Structure formats: structure tokens, C-alpha cells
Amino acid sequence: MSPGGAGCSAGLLLTVGWLLLAGLQSTCGINVTAVQDPSLVSEGENEGEEEAENDSEVENEPQAEAEQDVSNKTVVKEVEFGMCTVTCGVGIREVLLTNGCPGGESKCIVRVEECRGPVDCGWGKPISENLESVRLSCVHTSPVNRFKYVWRLLRPNQQAVILANDSAILEVQRETHPMAFQCETLDNNEIVATVKFTVYTTAELQMKRSSRPDTDAVLVFVLTIGVIICIFVIFVLIFIIVNWATVKDFWASKASTTEIQSELSSMKYKDSTSLDQSPTEIPGHEDDALSEWNE
């Protein structure tokens, strides 16, 4: 082989070696990247999850703060209960908010709720009556059909009779003798109110109506006299307060006049006593003069 051919073959081998080495490096690089890709992906996913969690935590923090603020506001709010509309049985009352009202108001109504008092309401009055019939009403609130009603006819020394009427209103015709009725208001089979009524006869009702005007006239007369006396006393007090200086001078002059009269009466009394004593003293002096003359 010639030296030129040997040099060419050596250069060719060197070139092929470099190409093989470059191919191996590229292959290793591809494998390395192929091996590292899953880890990188997993790391990227983990980082994404961490970022999502951080974002969710950042978003949840304002929500938690808002919930805390709401809870604090609910704690600050104060509730006050109004008076019940009834003194017995079942009624309604207002629930008032005394703090945190809209518009800066001192109190505002939140809701209306049911309230209850003592069960026994005693004796009630009819809602309407005439010479022939009477209408009686049970204790209830709206809606009326929420409760159950039991009407009883009360009899002395006997068991009460349960009537067929189960409504809140009972209309009764007057009889020749007075009658007594009782209504029981039930809520979930629990008695929440009872009230009794007396239904008088026609003659008794007429007698009550005839005697009522006399009583009313006496009551009106007494009230009128009382009002007049109160007005007179008020005017006298106002006059004394307005003219206090004049009133004070008047009482002072009256007091001085009384003192002068008392002094004059005391002086007259002294003069009268001195006059009464002088005749008794004169005979004593005469006796002394006679005794001296005799000596």
C-alpha cells in the first residue's frame, strides 16, 4: 500500500470514529432526557399542586376572616323581646334588635313570634250579644285553624257536657236560666288556654242594662268634680308661685298684726291685774298711819 492510501484510510477511520462517538453521545443524551422527563413532569405536577394549594389557602384566608367577622357581628348583636299581647293563653310578641340595625336606628323589629302566658284566663266577655243570642270566642291567634277547640257546657255539681262545635266561635241562644260555657284551646293535644263565659237570661240582661245608666251618671259626676278640684288646686299653686313676693309680704304683715294684737292683749291683762291689786294695798297704808298717830 502506498503512503497516500494509508493516510486516507487513517483519516477515514478517524472520521468514522468521531461520527460513532457523536452518535453515542446523542443517544445517551436522548435516553437521559427520556429517563429524566417523568421526574421532571412529576416535579412540575407537584409544584403545580403546591401552587394550587397555596392559592387555595390564600383564597380561604379571606373567607375565614369574613366568617370570623360575621361571627363577631352576630355576637355583638343584641336581641330584646317585646311585651306579649296577652296576659294569659297564647299571643304574639315582637323580637327587637337593639344593636346593628340598618340606617343607624336604635331598635328594629327582626321577627314576630308566639308567646304564652298562664293557661287559665278566667271569665271572658262575649264578642257580641243581643236579647236573643250571644257569640262567644275562644282564645286563639291567626291562623285560627292551627288550634283545636273544645267547648263544654258547665253544670253545677255535675260533669261538664262536651259540645259538638269544634270551631273558635260559638253562638248560643238565651234560655230561661243562665248558662256557663268553657272553651279549651289545644295545640298538639296540649291545653294552652281556657276561658269561661256566663250567658244570662233576657230578663237579667235587661235589668243590667237598665241599672247601668245610673251607675254611669254617678261615675261621670264624681269624675267631673274631681277634675274641677284638681284644676283649682293647680291654678292656686301657679298663682302662689308667680306672686310669691306678694304672698310673702301678706303673710308677714298678717303675722306682725297678730303679734301686735297679742302684745296689746297682754298689756291690757297686766293693767287689769294692777288695778285689781291697788285697792287692797291702800288699807295697809292707812293702818300704818293710824299706828304712828297713836304713838
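Glycine is no exception: its Cβ is also placed from the backbone N, Cα and C atoms.
Record check of Y200, Y269 in Swiss-Prot: the feature phosphotyrosine is attached to Y269. In Swiss-Prot, the annotation phosphoserine falls on S256, out of S71, S106, S256. N72 is the residue among N54, N72 that Swiss-Prot labels N-linked glycosylation site. Cβ environment of S256 (phosphoserine): no same-chain residue six or more positions apart lies under 8 Å away.
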